[in-house]
C-alpha cells in the first residue's frame, strides 16, 4: 500500500515546524515539559505537538492568541501565559484543550472576559485571571462551562463591579481569590450561587461591600480571608434575615486597619455568626489605645470563638494601650490564643485569671521580661493551660521564669527557647505536670538539677554544653545538636531514651558504659546487615545504569518511534485496502514537503479546488483532526481519499524522516500495481541525488508514469488537464 509512504511525506512536512519550535524554544525538544518563559517571544511558537503536557510561556511579549496556535497541543495539562501583553484571544483558541487542568492568564491586558474562551475546557481545575484590565465579569457568567473548577483567582486594580449571575455554573471551589481593592458595586446574592467555598480571599477597602459579601457567604464559605480593608463604624447586622445553620468557621483579617470604635462594633456583630470558631489578624494596624465599648460587646451575649491568632499587629501607641478592663466575660470560652511579634510586654493578672478554658498560649517574639512575668503568670492565672510558648522574648533569669510558671498547675509543654538565660541555677521549681521543655538557643553552658526530673522530652540544642550527666528516668527524647559535647551521655541515667540527636558536636571517643549488649567481636553480621547502605546504593546505581543504557539506546535508534510506526502499519494492514464509496470524503490526499508548501498551497490547491467541478483535497495543515496522533490522521485521510497525490522534489529526498524508510522496506511499502498513487515531479531529480535507501522510489519512477511540472506557462495548461484526468480516473 501507499499508506506508510504518505506517512513519511507528511512527517517530513511537519519536521520544519518542529525545527521552528526547537529554535524558538530549545527546551521543548523530546520532552513533555516545555519551558519557554522569559525568552522575549511575541508569538506562540509553531510546531507544538500532542506530546507536550506543560507549556510555560510566562514573562514574554505575546499580544494575541490565535485560533491555530494551540490546535495541535491537545494533551496539555498546564498552560502558563502570565505576565505577557495579551489583549486579544480568538474565541476558539482553547477549543482543543479538553484535558487542560491549569490556565494562567494573570497580569496581561485583557479588557474583557469571554465565555467562549472557556467553553471547551471541561477538565479545567485552576484558573488565574488576576492583574488584567477588565472592570467587570460581563453581564453573565464567563465560567458557566467550568464544572470541574477548583480554584479561581480574578480581579485587578480597576475591577469595580460584581453582578448577579457572574458565578453561575460554579457550585464548589476549594479557593476563590478576588482582588477587589476598588470594588464598589456588588449586587447582593452574586456569590450565593456558589454552594461551597473552602477558602475565600478578597482584597477590599469598602466596608459596605464587605458586609454584603459576608452575608452572602455565611452558608457557603468555611474560611474567609479579608485583606487591605480599612474598617469603619457600621450599625447594620451581619446576618440580616439569614437562616441557620451557618458554614463559616474562620475569619482572617490581613493588612487591615482598625479603630477602637470598629473593634468594639465588629466583635459585637461577629457574635451573630454562631458557627464562627476562629479569628485571625495578620500584619494589621490598630489605631487606638484599647478604648473598646465593652458594655456593647457584653450586651451581645457569649462569643462562640475558640481560637484567636494575632500575628505582627502594629499599635502605634502601644505604650498607652489600656488594660482591656471589662472584656473578661468574653474570653472565658477561648481555648487557643496566639499573640506573636506584637510587642506584648505583660497581661494584667486579673485578666489572665479569666482565661479559664485556655489550653494553648503562644507569646512568641514579644517583649516579656522577668520582672513583669509574675504579673502575666500570677497565681490562679491560666487555670487550664497545658501548652505555653514564651520563646524569643527578653527573659534573662531561668530561676525566676521557673518560679513564675509554677502557677500554671496543669502545664505540660513549655517552650522558653531563644531567650538569653546564660546562667542556670542548681535548684528550680517547676510544675509537677511538666513533660516537655525546650531550652534551645538560651546561651547555657552546663546543665544542673534545675532541670525537672519529670520530663519526657528535653531540647537543649544550640547551646555551649560540654557534657550531659543528668538523671532523667522518664526521658524518651533528647536533643543535643549543635553543642560542644566530646562524649555521648551515659545510658544508665536516661534508661528510657528512644531518640537522641547529637549532630554537630565534637564527639571523638565513646566509653564502654555508653553502650549495653554483646561485645562487637562476638557479633556476626551478614554483608547486608553490615553494609546495608552500600549494598542498597550499589543496587540502585546498577538499576539506574541499566535504565540509562536502555533509554540511550532507545533514543539513539528511535525505538519508540519504530514501535508506534509498526503498530500503525499493522493496524493499517488489517483494514480493507479501499474504503466503501460512501466513506470517501476527498478526491485526493496530498503528501508534500513543507519546503514545497508555497507551490502546493498557493498554486496547485487553488487550481484544483477552484476548477469546475472543484476537486476536494485533503491537506494535513487544514484537515487533520486536532489532538489525534499524526500517523492515525494520515491513515484515516488516505482511506477517505480516492487518490494519493505525492509531490516529489529534492526537499523530499533530503528529508530527515527518510532515514526510517530502510527499516521499513521489508513491509513492501510501495505497491507497483496500485493505481491510486499519482506522482508529481516538481523539479528534476538526478538519480545520484536520491539516497541509496530510496531504491524503491527509483524503481517506481522507472516503471510508473509521473507528471512533471513544466516552467513554460504554455505547457502548464496541459499539465493541469493531465492531472485532473488522473484524479478522475
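Any Cβ shown, glycine's included, is placed from N, Cα and C.
These features come from TrEMBL:
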DISULFID  28-34  disulfide bond
DISULFID  349-378  disulfide bond
DISULFID  428-450  disulfide bond
DOMAIN    584-727  domain 'TIR'
SIGNAL    1-20  signal peptide
TRANSMEM  534-555  transmembrane segment
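Distribution of TrEMBL features across the structure.
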residue : record         : Cβ within 10 Å
28      : disulfide bond : 22
34      : disulfide bond : 23
349     : disulfide bond : 16
378     : disulfide bond : 17
428     : disulfide bond : 18
450     : disulfide bond : 18
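Averaged across the domain 'TIR' (584-727), the predicted model reaches a pLDDT of 73. Looking only at the disulfide-bonded residues 28, 34, 349, 378, the one with its C-alpha closest to residue 428 (disulfide bond) is 378. Taking only the Cα positions, the spacing between residue 28 (disulfide bond) and residue 378 (disulfide bond) is 67 angstrom. Of the candidate disulfide-bonded residues, 34, 349, 378, the one lying closest to residue 450 (disulfide bond) when CA atoms are compared is 378. If you measure from the Cα atom of residue 349 (disulfide bond) to that of residue 34 (disulfide bond), you get 62 Å. Residue 378 (disulfide bond) and residue 34 (disulfide bond) have their C-alpha atoms 63 Å apart, to the nearest angstrom.
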